[in-house]
Amino acid sequence: MEILLVFIIGLLHAGGLYMLLRRSMFKMIIGLILLGNGANLLIFLIGRLVKGKPPVIDEGLKVFADAYADPLPQALVLTAIVIGFGLQSFAIILIKRVYNVLETDDLDELNSTDEEL
Amino acid sequence: MKSLIFRTASIYLLPLLLLFSIFILLRGHYLPGGGFVGGLMAGVAFLIHSFAFGLKETRNIIKINPGFLMPIGLTICVLAALAPWIVSLPLMTGLWFEEPFKFVGMVGSALFFDIGVYLVVVGSTLIIMFTIADTV
Amino acid sequence: MSNPYIILPIVFHMAAAVILMFCWFQPRVQKLLSILFSLIGLGISVWLFRLVWHEGFQVTQAGNWDAPFGISFIADTLGSTLGLLSSISLLAVSIFSTVSMREERIKFGYFPTLHFLIMGLQGAFLTADIFNLYVWFEVVIISSFVLLTLGGKKTQLEGALKYVSLNLLASTFFLIGIALVYGLTGSLNLADVAIKIGAVENRGLVNMTAGLFLVAFGIKSALFPMYFWLPASYHTPPAAISAIFAGLLTKVGVYAMVRMFTMVFIGDTFMSITLSGLAALTIISGGLGAIRQQHLGKIFGYLIICHIGFLFAGLGIFTELALVGTIFYLIHDIVVKTNLFIVAGLMNKLTGSPFIKEQGGLYAKYPLLSLLFAIPLFSLVGIPPLSGFWAKVYLIQASFETREFLLVGSIIFGSFLTLWVIAKVWSESFWKDKPEASSSGKPWSTFSTKEKWGILVPIMFLSIVSLYIGLAAENIISLASRIAAELMDPSAYINSILGMK
C-alpha cells in the first residue's frame, strides 16, 4: 500500500509541475491543485500507515505498548485541505476575473506590469 | 434546470440535507463529521436548490445576506475559544457540561466552536457560489 | 513563564475584524473603528513587549495540552518586537487609508481584511509550532490576496495573478517541508524539533528539507531567483495597501527564515554558503533593478528586494554580531518601508504621475513637505545618524570578522546603489523643474484639512519612530543584541516551551 501511495504522490507532483509549466492560466491552477493534493497525501503517508489500530491507550497504561495509528497527520491533512479549499476557490475566481478583463488565457501575454519602465 | 423530477426532488432534499448537516455537525466531536463537513453539506443543499430553481429563488429562501453569517460564526468561534479564560485556563481548553443533553449529546466549548465553524463555512460557500454564479 | 493572555494580540485583531465586518456597509464607522482598534492593538503590543522585556519569555499551551503534543504560543523578545512593529505600521496605514482609500473599496471589506492580515502576522510571530506557522501564513496570504485584488483594475489583476500563483506554490513547498520534518522527527513543535533534529542520522534528508524551507520562505520574502512576483505586483494596488505589504509581508518570510535557520537547520556549511551567496545576489540584482526603473513604485519595489538581501546576509554569516545587524535592519526596514510607500503614494498624487521623469518641482513648491519626505528616503540610504546606518555597520563588521569579503563588497555595493537610486529620485522629483507636457497633479492646497492631517500624521509618526531608531540607537542595539543572543542560544526558548527548569 505504501509503495502504491508513493507512486501516486510522485505522479501528482510530476503532473502538477508539468501543468504549472504550461502557458495556460487554467492549467496552472490545475497544476497548483494537483501539487497541493500531492503534498496532502505526502503528509498522510509520512504519518505511517497502520491498519485497524486506534490511537487510544488502554486504561492503566501510560504509553502505547503496540504500534498505533497516528492521529496527527489526519488533523494536519484536514487543516491543509480546508485551507487549500479556500485558496483554490479564490484563485479560480481570480483567473476568471483576469480572463474576463484581459480576454486571454495565455500567461505569456500577461506582461503589462513588466513591460513599461 | 427544467426537469420536473429534479425540481420536485430538490424541494424535499433541501430540508433533509440541512437536517443531515446538523446531525453531522453534532456528532462531530467523537465521530467523523464536524463543523466544516456539516457546513459544506448545507452549502451543497442550497447549491442543489439553486440548480433547480435558479439563484434568485435560493437568495429568497436564505433571506439574510450570507455575508453576515461569517462574522456571526467568527464571533461564536472567538467566544468559544476564549471561554476558558474565565476559569484562567489557556485558550481553547475544552470545557464540558457534566451531563449529556437530550438529542444533542455532550455540550461543551468545542461544540460551540464547531457551530461557529459551521456558520462560517456556510457563509463563505454561499458567497463563493453567488460570486461565481453572478459572473457567469 | 506561563501566561494565558499572550495571545491577546491575535484574538484582539480577530475580534476587531469581526466587529468591522458587522459594519460592512458603513464606511465612516469602519474608518473610526479601525483607527480605534489600531490604537488599542498598539497598546496591547506595547504591553506584551514590556512584559517580555522585563519578565522574560511568556508561554501558553493552547487547549491546555502539554508542550510537544499541543500547539504552543510563546512571546519571546523577537516575536514581541516584531508584533510591536507591525502594530505601529498598522496604526499608520489605517490612519492613512481613512483618507486615501475610496469608498467602494471600503465597501468590499478593506478594513476587516486589513485586521485579518495583522492577526495572521501576530499569530506567525507568536506561535511555536511549525504547522501553526503555516496556518498563520495562509491567513496572511489570503488576506493579502483580497487586499491586492480589491477594486480590480487591469494591471492590478495581472499583478495579483503572479503574486497568487507564486505564493500558492510557496505554500505547497512549505507544506511538503512540514511533512518531511514530521517524518524525520515525529514532532512539529519548534522546540521539540530543534532537539530531535540533531539526532537524525540522514543529514542529506535534513538538508533537503532545509532546501524546501529555503525555497518556500525565499519566495515569500523575495530572495534572489524567486523575487519576480514582487516588482510585478507591489506597485499595482493603492498606496496604503502597498505600504502595509512593503513593510510587513516580505518581513514575515524573513522572520520565519530566521526562526527556522537559527533553531532547526543549524551548523551546515553548505546551507550557510548558499544563504550568503543568495544574499549577495539578491542585493546586487535588487539594486541594479532599481536603477533601471522609472516607475516610483517599482523603484521602491526593487529596493525592498535589495534590502531583503541585507537581512539574509546576516543570517548567512551567522555570528552573533551579524544577527544583531540583521535584527536591527529588520526593525529599521519595517518602519521605513511602510513610510516610503505612503510617501510614494502622496508624491504620485501631488505630481499626477508615478513616473519620476514626469514628476518634478516638489522642493520648489513644498519645501517643508520635502523635508519630511527626506527622512524616510535618507534613512533608507543609511546616512548617519539615520536608522539604516547602524545596521550596516554591524553587518559589514561581522562579515569582515568571518572573512566573507564577497558579502562586504555586495553590502557596500548595495548601499551605494541605494544611494544612487535615492539621489536620482531626489533630483528628478524634487529638484528638477516639472516638465511642461506632463499631467498636473492635485496641489496640496486643494486637500481638505482632514485629508492633510490623515496623510501627514502617519508620515510624521513613522518618521519620528525611524528617527528614534537612528538617534537613540543604543536602545535598539541593546534590544537587537538581546534578541541575537537568544537566537544564537535557543536553550531558553526551548526550556520555556517544554516547561523544563
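If you go along the chain as it appears here, the first residue is 1 and each next one adds 1.
Heads up, the Cβ atoms here are built off N, Cα and C, so glycines get one too.
Since we're looking at a predicted model, the values are computed, not measured.
According to TrEMBL, the protein carries these features:
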- C:129-418: domain 'NADH:quinone oxidoreductase/Mrp antiporter transmembrane' (DOMAIN)
- C:6-25: transmembrane segment (TRANSMEM)
- C:32-53: transmembrane segment (TRANSMEM)
- C:73-96: transmembrane segment (TRANSMEM)
- C:133-151: transmembrane segment (TRANSMEM)
- C:163-185: transmembrane segment (TRANSMEM)
- C:205-227: transmembrane segment (TRANSMEM)
- C:239-258: transmembrane segment (TRANSMEM)
- C:270-291: transmembrane segment (TRANSMEM)
- C:303-331: transmembrane segment (TRANSMEM)
- C:368-393: transmembrane segment (TRANSMEM)
- C:405-423: transmembrane segment (TRANSMEM)
- C:453-473: transmembrane segment (TRANSMEM)
Task = Kindly say whether the transmembrane segment (C:368-393) and the transmembrane segment (C:6-25) touch, using the definition of 3 or more Cβ pairs under 8 Å where each pair is 6 or more positions apart.
result = no
Remark   = Per the Cβ filter (under 8 Å) with a sequence gap of at least 6 from its ends, the transmembrane segment (C:32-53) is approached by 3, 6, 8-9, 12-13, 16, 19-20, 23, 75-77, 80-81, 83-84, 86-88, 90-91, 94-95, 97-98, 111, 114-115, 118
Key: Leading stretch by Cβ pairs under 8 Å, where the reference is the transmembrane segment (C:73-96) and the options are C:6-25, C:133-151, C:205-227, C:239-258, C:270-291   = C:239-258
Query = Can at least 3 Cβ pairs under 8 A be found between the transmembrane segment (C:205-227) and the transmembrane segment (C:270-291), with each pair 6 or more apart in sequence?
reply = yes
Ask   = Which bits of the chain, at least 6 residues beyond where the transmembrane segment (C:239-258) starts or stops, bring a Cβ under 8 A of a Cβ in it?
value = 78, 82, 86, 89-90, 92-93, 96-97, 100-101, 114, 117, 121, 124-125, 133, 137, 140, 144, 147-148, 150, 213-214, 217-222, 230, 297, 300-301, 304, 308, 311-312, 315, 323, 326, 330, 333-335, 337-342, 344-346, 348, 487
Key: Contacting positions for the transmembrane segment (C:453-473) when only residues 6+ beyond its ends and CB under 8 Å are counted   = 88-89, 91-93, 95-96, 98-100, 331-332, 335-336, 338-339, 342-343, 346, 372-373, 375-376, 379, 385-390, 447
